[in-house]
Amino acid sequence: MLFSRSGHSIFPLLPPYAAHAPTTNQGHIITMPPDGLTPYLGLRARLSQVWINRWTILLLLVLVRVLMAASGLQADMGTAKREALSACSSVESMGSSMASMPHYLSQGVNELTASGVETAVSGLKSMLMLTVTGVEELVLFIIKVLYQTYLCLFTLAVRGSVHVAVGVIKDAADFLNSTVKEVGDDIGKVVSTFEDGFNKFLDSVNSVASVFGGSVPTLDLNSSISTLENLQLPSSIDKGLDKLNNSLPTFDEVNNFTQTVLRTPFEEVKKLVNQSLGTYTFDRSLLPIPAKEQLKFCEGNDGIDSFFDNVGDLVMTARKIFIAVLILAAVLACIPMAWQEIRRWRSMKERSQLVRKEAHDPMDIVYIVSRPYTAAAGIKAASRFSNSRRQILVRWAIAYATTPAALFVLCLGIAGLFSCLCQYLLLHAVEKTVPELSTQVGAFADKVVDKLENASAAWANDANGVIGHMNQDLNQNVFGWVNTSTTALNDTLNTFVDKTTGVLNETFGGTILYEPLMDVFGCLIGLKVAGIQKGLTWVHDHAHIDFPLLPNDTFSRGAAASIASNNSDASDSFLADAGDQTSNKITEVVIRVVDKVEEGIRMETIISTAILLLWVFIALVGIVRALTLFWMRDRSRGEGGGAPSTSHHTSDAGGFDDVPLTAIPNPSAHSAPAPRYEATISTVVASRAIPTSNSFQHQDEKMGFAGERQYGSALKVDGAPDLRGSAYVEYGVEKH
């Protein structure tokens, strides 16, 4: 497109610029129409549309999205409230069932307890019978071993001694009997001879005595000698030893006595055990059955209602805050945008003067005027390079990444992420209130557990009372007999010792064997009996039974453990279903809503990030393309580069010059090299751009001739020198 001359307008209904200008202005470009009207927007018109700047609109769109999210969250919370109240009713019903569990479980537990007691008592009976029989036979065996051993010992000692003594006495008696008779015979013979002589002597004496009237007695020893001849040791001299030998005790009486006395208490115990425990049956009616429980914690409890009301108030407060903040931000965004618009307007006015100057690339001038900020950013970034080609490539890459379409994508992605941030803040505020609901529901669970604990404790106390009474009864009626039997057995052992001692005393009392036999008895039997009595005393002291008592938390332990703070698995709670994320169904409803909103925010964040990455991709495309050409050198005409720029200055009679607004060079034009920018504005000399036909034309047009143009005669501002020695022009900035 070319600026037409003043006499011919391309829009018939609109007068051309300078239509009212005097003839003295012919040959010069008039920047403003005489009446001040322009077809483009002035500063005030531009400022009138500041309120619809992109950031205000984006903030308003973010506000709309946040309000939609808040409304959706309120609707979801309303649904969650209804579901929570329904779940509360379910929890209440389930809690009542849980609290009534002792009523149903106690029957089975009572039967289990009674069966366990009956089985234990039956086993106790068998154990007692076997134990009593075993102890009975063991005691009898030990006592029999003891006294039979003792009997063998002193029978050997006593009978051996008696046999020796009786033999000695018999030999002595036979020797004395035979010797005394022979002595008597010999004495009788001697005495008979002596008596005959003596009698003869007496006869002589008697004859003389008769003269005097008397007589002398005669000597007669026959009777005495006859007695001496018939003298023998009495046969009763060994009758005592024979009697002692024949009267040695065999302890048959002791054995019979001991058998009778020892077996009696054992047999009595067996009889009593059979009578008492033969068909033992536990009285199940003594075990209690707790009553049913009916819990009411949903009616009259505003915990759930207050929670959701608080959440609703929180959402409404958040909506008001977002409305106030975002609207204020949208309004405040108009201030910098207005200032930016003013600066843009001033920059456009300043840079519009470049159009009237001789420019190497009019399209660059149009770009700088129409996009002052992005062009300024490109110029500032390009100023770091001294090579004109690289400066142009840097500016081109920035221009590629900051096109209106690219900036729209960038702003859309940023606005989406900001919207997600606002929604996240709203969701985070709601999430912080969830523990309050968990506390309310935890109170429900505590009520259920308290009911269970009370019912379980009452049942356990009553059941333990029955078990304790049974323990006392068994200890008195069964183990009381054991204690009695051990006492009787100790008494029997004492009687056994006394009876044995009496027999020994009767048999060997007053003899030299008594003391040794008593010492042997004490060593062999007395010490063993004392040991048995010590064992029986221990049995007497420890013979009792204690059945284990039922714990108070029999029915409540599992429920209490499921809601304990150290339970890491939330689904273990009796208020939750398997696989739930929380410990109760009421909180699960709220968590489900939060997860739904969170998933939506996550999806929007992903979409916004994808849009932002799309802009990054666009920017990378420009950067990669610029880098591709960055290290390529300028091509000369012989290598396919463009022809040197020439000028062909023409002017019509009206004093207007055709200023080409295309970036395509015209190598056939006859134009002089572009002069430096001058401070005064007099004329505009331009070259008509006619496309060239070369193999790089299409590529150059796509890239804006980046790296393919001849910038040796690039524009300089008002003839100021370039500090880096670059032929590249920096518009609006002078280098000093």
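Cβ coordinates are placed from backbone N, Cα and C, and glycine is handled just like the others.
These numbers come from a predicted model, not from an experiment.
Feature annotation from Swiss-Prot assigns N-linked glycosylation site to ASN177, ASN222, ASN245, ASN256, ASN274, ASN454, ASN483, ASN490, ASN505, ASN552, ASN566. The annotation region 'Disordered' is assigned in Swiss-Prot to 638-675. The feature topological domain 'Extracellular' is assigned by Swiss-Prot to 1-54, 159-320, 419-603. Per Swiss-Prot, the feature topological domain 'Cytoplasmic' maps to 76-137, 342-397, 625-736. The transmembrane segment annotation in Swiss-Prot covers 55-75, 138-158, 321-341, 398-418, 604-624.
Distribution of Swiss-Prot features across the structure.
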residue	record	contacts (Cβ under 8 Å, 6+ apart)
ASN256	N-linked glycosylation site	none
ASN274	N-linked glycosylation site	MET129
ASN454	N-linked glycosylation site	none
ASN505	N-linked glycosylation site	TYR514
ASN552	N-linked glycosylation site	GLU453, SER456, ALA457, ALA460, ASN461
Intrachain residues whose Cβ lies under 8 Å of the transmembrane segment (55-75), provided they are six or more past its termini: 312, 315-316, 318-319, 322-323, 326-327, 329-331, 333-334, 337, 411-412, 414-415, 418-419, 422-423, 426-427, 430, 593, 597, 600
Residue distribution over DSSP helix, strand and coil in the topological domain 'Cytoplasmic' (76-137): 61 helix, 0 strand, 1 coil
Collapsed DSSP category at ASN505 (N-linked glycosylation site): helix
Other CB atoms, at most 10 A from the CB of ASN490 (N-linked glycosylation site): 17
